[in-house]
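Listed in TrEMBL for this protein:
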type	residues	note
DOMAIN	5-108	domain 'Dihydrodipicolinate reductase N-terminal'
BINDING	Gly10, Ala11, Lys12, Gly13, Arg14, Ile15, Gly78, Thr79, Thr80, Ala105, Pro106, Asn107, Phe108	NAD(+) binding site
DOMAIN	111-247	domain 'Dihydrodipicolinate reductase C-terminal'
ACT_SITE	His135	active site, proton donor/acceptor
BINDING	His136, Gly145, Thr146	(S)-2,3,4,5-tetrahydrodipicolinate binding site
ACT_SITE	Lys139	active site, proton donor
Amino acid sequence: MSKLRVAVIGAKGRIGSEAVRAVEAADDMELVAALGRGDDLEAMTAAGAQVAVELTHPDSVMDNLEFCVRNGIHAVVGTTGWTEDRLARLRSWLDASPSTGVLIAPNFSIGAVLTMTFARQAARFFESVEVVELHHPNKADAPSGTATRTAQLIAAARREAGCPPQPDATTTALDGARGADVDGVPVHSVRLRGLLAHQEVLLGDTGETLTIRHDSLHHSCFMPGILLGARRVPQTPGLTFGLEHFLDLG
Ligand SMILES: NC(=O)C1=CN([C@@H]2O[C@H](COP(=O)(O)OP(=O)(O)OC[C@H]3O[C@@H](n4cnc5c(N)ncnc54)[C@H](OP(=O)(O)O)[C@@H]3O)[C@@H](O)[C@H]2O)C=CC1
Ligand SMILES: O=C(O)C1=N[C@H](C(=O)O)C[C@H](O)C1
């Protein structure tokens, strides 16, 4: 059977370099291009790449994806910084290339995907819910893509269940003290040397709290999700947002 021809964009970065090793080690894949900043994207078409794994920076991802979609290269995207406006632009490119698939995953680790699922399930049962994400200090964006997505899923579940706004009697606060407001859910970002990627969802009600915590301890935790995405995205045209769509979560 022929191997899947995979390119990695952002190949020298923290997660990109791990992805290069993971693709090289996968029996069913061939690494055909490993691109860093300034490298010509045409190297992917010249090498016949079928799937590009995009792990760069919020400032770079749109140009890279426009190239991929225009050239019919499926994409697995871990880069963060997604907004409704950016998603709309991506969808318009995909409309013009209907057989191309793009998977955007705010987090490729199975534990983080489960954290989001559990948080969504729990959200309607508690009066209060806040998200704390903790990352290494080299991270460009805050809140993290995972925390933003988690808060959006929590907010949607609470809206569907008809939950009232959260209680909060704060009348005076230093700017930022109550975190960022993501659809009504406070999200707090910690940047600390020594950490990689961690998240706590704190839920509280009368007389009890529930904490859902996930810790990424090494970039290897993202690799099974990236490889799964690369295998599935060629059969999944259009935009898929979230690795959970490729997992049988029941
Ligand atoms: N979804 C997920 O599970 C995960 C997502 N991420 C996300 O992935 C992204 C990268 O994270 P991380 O590896 O820590 O960051 P790094 O800064 O370590 O790596 C990014 C790499 O991409 C390079 N780069 C930037 N622009 C381009 C471009 N146009 N073409 C090719 N290469 C480019 C950078 O080069 P240079 O150094 O010259 O700028 C750098 O080598 C972030 O958005 C992060 O949030 C990270 C981990 C998991
Ligand atoms: O920058 C990182 O490191 C990570 N970025 C992603 C995010 O913003 O959620 C995924 C993970 O948290 C690691």
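Just so you know, glycine gets a Cβ as well, placed from its N, Cα and C.
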| said: Need this for a regression test: recorded positions His135, His136, Gly145, filtered to those with Cα within 10 Å of Gly78 (NAD(+) binding site). What's left? | reply: Gly145
| Any idea what the Cα distance is from Phe108 (NAD(+) binding site) over to Thr146 ((S)-2,3,4,5-tetrahydrodipicolinate binding site), rounded to a whole Å? | 10
| When distances run from the Cα of Lys12 (NAD(+) binding site) to each of the recorded positions His135, His136, Lys139, the nearest one | Lys139
| query | Considering only the binding-site residues Lys12, Gly78, Thr80, Phe108, Gly145, Thr146, which possess a Cβ situated under 6 angstroms from at least one atom of ligand 2? | reply | Thr80, Gly145, Thr146
| Ranking the binding-site residues Gly78, Pro106, Gly145 by other Cβ atoms within 10 Å, which is at the bottom? | Gly145
| Nearest to Thr80 (NAD(+) binding site) by Cα distance: which of the recorded positions His135, His136, Gly145, Thr146 is it? | Gly145
| query | Other residues with Cβ within 8 Å of the Cβ centroid of His136, Gly145, Thr146 at the (S)-2,3,4,5-tetrahydrodipicolinate site? | reply | Thr80, Pro106, Asn107, Glu133, His135, Lys139, Asp141, Ser144, Ala147, Ala197
| query | Do you know offhand how many angstrom separate Lys139 (active site, proton donor) and Pro106 (NAD(+) binding site) by C-alpha? | reply | 14
| query | Would you list the DSSP helix, strand and coil counts for the residues of the domain 'Dihydrodipicolinate reductase N-terminal' (5-108)? | reply | 39 helix, 24 strand, 41 coil
| field | Three-state secondary structure, which DSSP defines for the residue listed as 'active site, proton donor/acceptor' | value | strand
| message | Out of Gly10, His135, His136, Thr146, which recorded positions have CB atoms lying under 6 Å from ligand 1? | response | Gly10
| request: Round to the nearest Å and give the CA-to-CA distance linking the residue listed as 'active site, proton donor/acceptor' with Thr146 ((S)-2,3,4,5-tetrahydrodipicolinate binding site). | output: 11
| field | Taking residues Gly10, Ala11, Lys12, Gly13, Arg14, Ile15, Gly78, Thr79, Thr80, Ala105, Pro106, Asn107, Phe108, which bind NAD(+) in the record, the widest Cα spacing (Å, whole number) | value | 20
| field | Among Gly10, Arg14, Pro106, which are recorded as binding-site residues, the nearest neighbour of Gly145 ((S)-2,3,4,5-tetrahydrodipicolinate binding site) by Cα | value | Pro106
